[in-house]
Amino acid sequence: MIIKPRVRGFICVTTHPAGCAASVREQIAYVARRGPIERGPKKVLVIGASTGYGLAARIAAAFGVGAATLGVFFERAPADAKPGTAGWYNSAAFHDEAAARGLQATSVNGDAFSDEIKHKTIDAIRRDLGQVDLVVYSVAAPRRTHPKTGVTHQSTLKPIGHAVRLRGIDTDNEAIKETLLQPATPDEIADTVAVMGGEDWRMWIDALDAAGVLADGAKTTAFTYLGEQVTHDIYWNGSIGEAKKDLDRTVLALRGKLAARGGDARVSVLKAVVTQASSAIPMMPLYLSLLFKVMKARSTHEGCIEQVDGLLRDSLYSAQPHVDAEGRLRADRLELDPAVQARVLELWDQVTDDNLYTLTDFAGYKAEFLRLFGFGIDGVDYDAPVEPNVRIPNLIE
């Protein structure tokens, strides 16, 4: 079938298998050009491994180090001529490329928040890897059903204490709009922490440790985004910020646990990129469009694979990691360059419907958004029929 992009709001409801595969190959090629990652991990578990930063971590570990990988994700398979999700096709392509190079790859498809998927993952580690020496936690989800209580918690994107008016882009109509966000209630804050805080990461590490599948010296990291002044009302001072502070508290306990066996636990702060999650946040399309414009002009623009490849080389497996005062690993240094942030802030209120395409890189933002779903990738013939029914080998469901 011939597959074209169909966008509704912040979701593209179609995906292109060949485009997703080409995107994965592009990321692999980038890692290969950078050369081997010295002293990297050998057996890696990535929780949230099918898109964005999690996929980039799996690619960097496998093709930069030669690591065996086990990926956990929650994706929809193709069925009845309906394409699967982008993460499904990304993972299928990853498996194909890993197999071609003789790299061990296993995947588990299901709800990472559940005890069932944790148990299946532990069984797969025992069978295929024995133990893991790196656990990457890269889960982005709007809701979580707690495995112990059965309660489903829904996260919210709201300020705390007062309403906030945010500028943004109505991406459907390509117009500047303002959104008034009301403050989160205490229950909404607690629910957001339950979904996006550190509890599930801790549950994973506790379960892996109790099962004896964490190697001595194992490291774990959880990916997060903090941002700067423009985004602080939402990301640090809002309901999501409370979840991020919970992540900071959680990592201290995990670090103590792993340090006793020569290991480490860190929160890794990465730069803002286009993801399905970030595109749903009212201000982020405008912020990202401005950030792309400014960073591309300075030749410092990076995507997921550049960020995570650099994180492994320069911090996670470096003798001189980039660490902030709270002990977080920082890969967002170029985004937070004072000159970059000052320019973004200067342009923020100048953007109008008429100059959207000149003051910002909204065109680049839209292109990156479509790339998430396999569209707009160089070398792919989008007028040619493509087979949507792609399977993932070594998949546990």
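Glycine is treated like the rest: Cβ placed from N, Cα and C.
Look at Swiss-Prot and you will find Tyr235 tagged as active site, proton donor. Per Swiss-Prot, NAD(+) binding site is recorded for 48-53, 74-75, 111-112, 139-140, Lys244, 273-275. Summarising the annotation, Swiss-Prot assigns substrate binding site to Tyr225. According to Swiss-Prot, the site 'Plays an important role in discriminating NADH against NADPH' annotation covers Glu75.
Neighbour counts of Cβ atoms within 10 Å were taken for the recorded positions Glu75, Asp111; the minimum is at Asp111. Tyr225 (substrate binding site) and Gly52 (NAD(+) binding site) are 13 Å apart (CA-CA, integer value).
Residue environment of Gly48 (NAD(+) binding site) contains 25 other Cβ atoms, counted within 10 Å of its Cβ in all protein chains.
Candidates Gly48, Phe74, Val139, Tyr225, Lys244, Val274 (binding-site residues) were compared with Tyr235 (active site, proton donor); those inside 10 Å Cα-Cα are Tyr225, Lys244. Under the DSSP three-state reduction, Gly48 (NAD(+) binding site) is assigned to coil, being neither helix nor strand. Annotation note: Tyr235 (active site, proton donor) sits in a helical segment as assigned by DSSP. Within 10 Å of the C-beta of Tyr235 (active site, proton donor) there are 21 other C-beta atoms, taking all protein chains into account. Recorded residues Lys244 (NAD(+) binding site) and Tyr225 (substrate binding site) have their alpha carbons 9 Å apart, per Cα-Cα distance. If you count neighbouring Cβ atoms within 10 Å for each of the binding-site residues Phe74, Tyr225, the highest count belongs to Tyr225.
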